[in-house]
Amino acid sequence: MENELYDVTIVGGGPAGLYTAFYSGMRDLKTKIIEYSSQLGGRMLIYPEKMIWDVGGVTPILGGQLIKQLVEQAQTFDPTIILNQKVEGLEKQPDGTFILTSSTGEKHFSKTVILAVGYGVLTMQKLEIEGADRYEVTNLHYTVQELEIFRNKHVLISGGGNSAVDWANELEPIAASVTIVHRREDFGGHEKNVLRMKESSVCVKTPFEVVQLHSDGDLIQFVSIMNKETNEIERVEVDAVIVNHGLKCDYGALEEWGLHIKDGVALVNEKRETNIEGIYGAGDFIDHPSKVRLIAGAFTDGILALNSAKLLIEPDAPKVAYVSSHNIRFKERNEKIGLQDNDYREVRG
C-alpha cells in the first residue's frame, strides 16, 4: 500500500535485524525489514560453513543453518520484507515520523527506525594482482560456501585473520594439503585456533605474500609467493586459492544523517537510542559502554532498541514483552502444535 505507515522499520537483515523483527512481532508492532542484498543473513552469508558456538541454548551450528532458523523465526509475525534496496535518504517529518528513501527511489514511511546495518555494505578485499579476476569463476575464491568442493585438493589460503585461520583448520582434514600465506609473522585469529593450525599439517608461510598467479587456461596451477624480508620467491602448486584479506565497509549516505558516529560505529545509550529521537541501533553498527560483540549481544541490542521504540509509540505500554511461554501472541501457535496452556497474559506487550 502506497505511503503505508509502519510502527518500526528495521534497516538491515542480519542476525540483529532478524531477531529484532521477531521481537517486534511479540510486541505487536507493524514491522518492516529493508535489506540491501538479495538475501537475508548479513555477514553470516560469507561463512555459511563455519561453526557458530556462542549463541545461548544452541548447540554448535553451521552459519548457514543459523541464518535459515533466524529467517524462519523473523517471519513468525509476518513482517514486510524488502530486499535489494539500499536505504540512502532519511527525512524526519514535523509529526516525528520518518521517510526513508531507497536506492530505487522507493519511499518507506515509519514511526521509528532501528539501524541494524552491521558494518554497512560489505565487499571483499580483492587480490591486488593484475588479471586475478579472470579466475574468480574457476578456482580463485573469496569465501568458502561449501567445504566439500575442496576435498582432496591442494589449497592455498592468503590471509591471517579469523576466517583465514578457521578455513585452514576446517579444510586440513579433507584437503590433500593446505598452505596458508600471511605477510606478517603473527596471525590475527583467536590464539587457540592459531595454535591448533600450527600444530596440524597446515604449511604456514610467514612473512610471505602472493605476488603472481600462474595458469594453464582459466585455472590457477601455481602461485608465486615472496618472502617480505628476503624477497625470496617460492612457487606453490595449487588446485584452489582462497583469499581473505578483509572486508571493505561502506555506510553510504547513512553517515550524512547527523548520527553521532565515531570510529565507524554509531554511539548509543543503554536504551540503544541514538542522538536522533526515534532512531535506534543494534548489532555491530553501534557502540556503548557495555557493548558485547557476539551474535547473542546483537539479540539483546535488538530487544532493548525495540522496547525503546515501543514506548515512544505507546508510552503506557509495558516496558518489556511477556516471555513466549506466557505471551498471548503464541497461544494460537502453541495450540496448532497440540500444546494447551491457559496461562496467557491478555495485554498488549
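Cβ atoms here come from the backbone N, Cα and C positions, even for glycine.
Pulled from Swiss-Prot:
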- Glu35, Tyr47, Val87, Leu122, Asp284, Ser325: FAD binding site (BINDING)
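Shown on the structure are the features that Swiss-Prot records.
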residue	record	Cβ neighbours (10 Å)
Glu35	FAD binding site	25
Tyr47	FAD binding site	21
Val87	FAD binding site	25
Leu122	FAD binding site	17
Asp284	FAD binding site	26
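The DSSP secondary structure for Glu35 (FAD binding site) is coil. In the three-state DSSP scheme, Tyr47 (FAD binding site) is classed as coil.
DSSP classifies Val87 (FAD binding site) as strand under the three-state reduction.
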